Amino acid sequence: MSPSLSGRTPRPKKRLGQHFLKDANTARIVAAGLTERDVVLEIGPGRGFLTAFLAERAGLVHAVEIDPDVLPELRRAVGARGNVRIHEADALRFDYGALSPPPNRLAANLPYNIASPLVLRLLEEVPSLERMRFMVQLEVALRMTARPGSKDYGAYAVLIQLLSRPEVAHRVSPRVFDPPPRVRSAVVELERRRDAPEDYRGVKELVAAAFRSRRKRLPNNLPGPLRERAEEALAGLGHGPDARAEELSPEDFVALYRRISP
């Protein structure tokens, strides 16, 4: 018998990266700025603690949850509220384009095991999301906001920053979760960039190639025909021919792509 059917509180599942929020102050931080005009996407609502705070403020909440064992408790948490729609689905495979009305905000305590790829996917595939405010591991937050030349700066930071303006809004103690994670967490806020490059897909391929081997100079990570053009383009951007990928800003990658593309 499942925990939900037996009447017991469902235990967090490690394989799903579940760490349920239990602190009201932290919930208010995540829900900050929401109004009744907002349609909110929440991923990983779990037992519904944060969901209740979101529903108090937003016009509508789309809650996407993969774990059937927590659904009874989630439904009890939101009670008779008519502005919460629960979608039982895998967040990495869910068709966000089918949500109606489409969400303009993300507010969530994201499952730790899917947070990195999920945030990038939402930025790439759900253009209606104008702002995101969510909790993740501090390590992931630092990777999102890393600056060129820092140890956390990589392809992920470049792509996130091409599509949004991320910042660490608040650092979170492990004690606000059940169970407490062994890592530190943070609330991240992202504002979608309206000036994201139209040739993002091509830039993304260049970024992936450029960071393939961090120890190599950037041109050596590119296919043969592009190496010479990359050296010339780097010089035009103020970088030497021995520049490595982590030295270039997101804007540099856009300019480099446009200079070396056929």
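A Cβ is built for glycine as well, from the same backbone N, Cα and C atoms used for every other residue.
Together with HIS19, LEU21, GLY44, GLU65, ASP90, the S-adenosyl-L-methionine site in Swiss-Prot holds one more listed residue from ASN104, ASN109, ASN113, which is ASN109. Range 218-246 is the one annotated as region 'Disordered', of 189-217, 218-246 (source: Swiss-Prot). Most buried of the binding-site residues GLU65, ASP90, judged by other Cβ atoms within 10 Å, is GLU65. All protein chains included, LEU21 (S-adenosyl-L-methionine binding site) registers 25 other Cβ atoms within 10 Å of its own Cβ. Residue annotation for S-adenosyl-L-methionine gives HIS19, LEU21, GLY44, GLU65, ASP90, ASN109. The furthest Cα pair among them is separated by 20 Å. Just so you know, the Cβ of ASN109 (S-adenosyl-L-methionine binding site) picks up 29 other Cβ atoms within 10 Å once every protein chain is counted. The DSSP breakdown of the region 'Disordered' (218-246) into helical (H, G, I), extended (E, B) and coil residues amounts to 19 helix, 0 strand, 10 coil.
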